[in-house]
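Q: Once you've had a glance at the structure underneath, I'll fire off some questions.
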Amino acid sequence: MAPAKGILERLNAGEVVIGDGGFVFALEKRGYVKAGPWTPEAAAEHPEAVRQLHREFLRAGANVMQTFTFYASDDKLENRGHKQSYTGAQINEAACDLAREVANEGDALVAGGVSQTPSYLSCKSEADVKATFKKQLDVFIKKNVDFLIAEYFEHVEEAVWAVEVLKQTGKPVAASLCIGPEGDMHGVSPGECAVRLVKAGAQIVGVNCHFDPLTCVKAVKMMKAAVEKAGLKAHYMVQPLAFHTPDCNCQGFIDLPEFPFGLEPRILTRWDMHEYAREAYKAGIRFIGGCCGFEPYHIRAVAEELAAERGIVPPGSEKHGMWGAGLEMHTKPWVRARARRDYWEKLKPASGRPLCSSMSSPDSWGVTKGHAELMQQKEATTKQQLKELFERSKTH
C-alpha cells in the first residue's frame, strides 16, 4: 500500500522531505553502472544492488525513493553504440518495483523520474522529445508511482516540455534543473526558469546535480524570489552534488578536468552536510536530498541536522553518535578528545596531496543544444572522432 500522506500533503504541512542520493555515481563505484552512458540497466541486471542502495538511503533517513530511471529513455539507452540487454520498458518497470518494495519498508514515497534526452540536444522536434518522455511515463502510471520528477535538465525549454507531459497524469510534479546561479545553458536565469516551470504545471521546483550544496541553495533562493515576485506559489527542492565546486563555470562539474574519475578529493564531509541541510532549511526549502557523490552517510547527516524539525532520528543513527559522540569509547585519548561538535565544525580537512592545487581550470568549450558537436548518434564513437576531440582538447 502507498503511504497515506502524499508529497504535497507533507510539504503543505511544513514537513521536511528528505530525498535519497546519487545512484549512478554510487553504483558506478560499486561496479554496476558504466561511466559515460550513465544508464540504469542495473535495475534489471543486478536488482539486488539497486535494492540494497535504496535500503541504505531509507535507513539513513530518506523518505523519497526515486526510481533508478535516470537516463532510461530509449534514445539515451541506444546512444553511441551502447548495447542493451534489456528494453527501456523493462528497466523502468524493474526500477519502479524496487523503489516501491523498499519504500513500503518505511514511510517513504516513490518518485518516478525522467531526465534530459539526446533527442533534445540533437534538435528533434517538441513532439519527438515529448514522445520519449511519454514512454517512461506510461510505465510510471502502470506502476502507480506517488509523484513525478523531471530532473537534470540543462535547458529550461526541455524541462517545460517534460512538465507538460508529466502533469497530464494528475500526479504531483516536481521539476529540477542542473543549473547554478548563472542559469541554464542558454542564459535563462534561475528565477525565470522557475517561473516558466511553475506556469507549466510544476508544484515543486529546484535544482539538482552539477554544483555543490551551497551553490545550489543559492540558485534555489533565486528561484523562490522570482516565483514569489510573479505572484505564483510553489514548493522548493534541492539535490546537489557531494563535491566542492567553487571553480566551476556555467556547466558545473562536467567541465572540471577531474570529472568523473578524479573527484574524490572534493568530496564533502558529513559535517559539511550538516551546514548544507541547515542553510537549505533556512532558505525555505523543504525537499532536501542529494545527487552525484551523495552516499547514505551524507543523507544521514542531513536527517540528523534536521531531526528536531522532523521529530525523528533515522535508524542509521543507531550506529552513529551525533557530532562524533561515539568516539568517547575510543581507546586513544586524543581521539576521545574529538568527541565534540566544535571540533568537527571547525575542522579544515587536509587533502594529503602536497602537489595538488586547490582549484582547477574548467574546460570551457562553450557548446550547447544546436551545436554540431552535440548531435547525438546511435553508432559508437569512431577512432577518428576521438582523435579530433583529443586534438581539440589540447587547445582549451
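Note that Cβ sites are derived from N, Cα and C of the backbone, with glycine treated the same way.
TrEMBL entries are annotated by machine, without manual review.
Note that this is a predicted model, so its numbers are computed, not measured.
Residues or ranges marked as Zn(2+) binding site by TrEMBL: Cys209, Cys291, Cys292. Positions annotated as domain 'Hcy-binding' by TrEMBL: 5-306.
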Q: Would you count the other CB atoms within 10 A of the CB of Cys209 (Zn(2+) binding site), including those on all shown protein chains?
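A: The answer is 27 other Cβ atoms.
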Q: Please list, in sequence order, the residues in the chain of Cys292 (Zn(2+) binding site) that are at least six apart in sequence and whose C-beta is under 8 Å away from its C-beta.
A: Gly22, Val24, Phe25, Cys209, Leu241, Ala242, Phe243, Phe253
Q: Looking at Cβ-Cβ distances, which residues of the chain lie under 8 angstroms from Cys291 (Zn(2+) binding site) while being 6 or more apart from it?
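A: Listed in sequence order, they are Gly21, Gly22, Tyr152, Asn208, Cys209, Gln239, Pro240, Leu241, Ala242.
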Q: Find the average pLDDT over the domain 'Hcy-binding' (5-306) in the predicted model and report it.
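A: Averaged over the domain 'Hcy-binding' (5-306), per-residue pLDDT gives 96.
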Q: Taking the centroid of the Cβ atoms of Cys209, Cys291, Cys292 (Zn(2+) site), which other same-chain residues have Cβ within 8 Å of it?
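A: Those within range, site residues removed, are Gly22, Phe25, Tyr152, Cys178, Asn208, His210, Gln239, Pro240, Leu241, Gly290, Gly293, Phe294.
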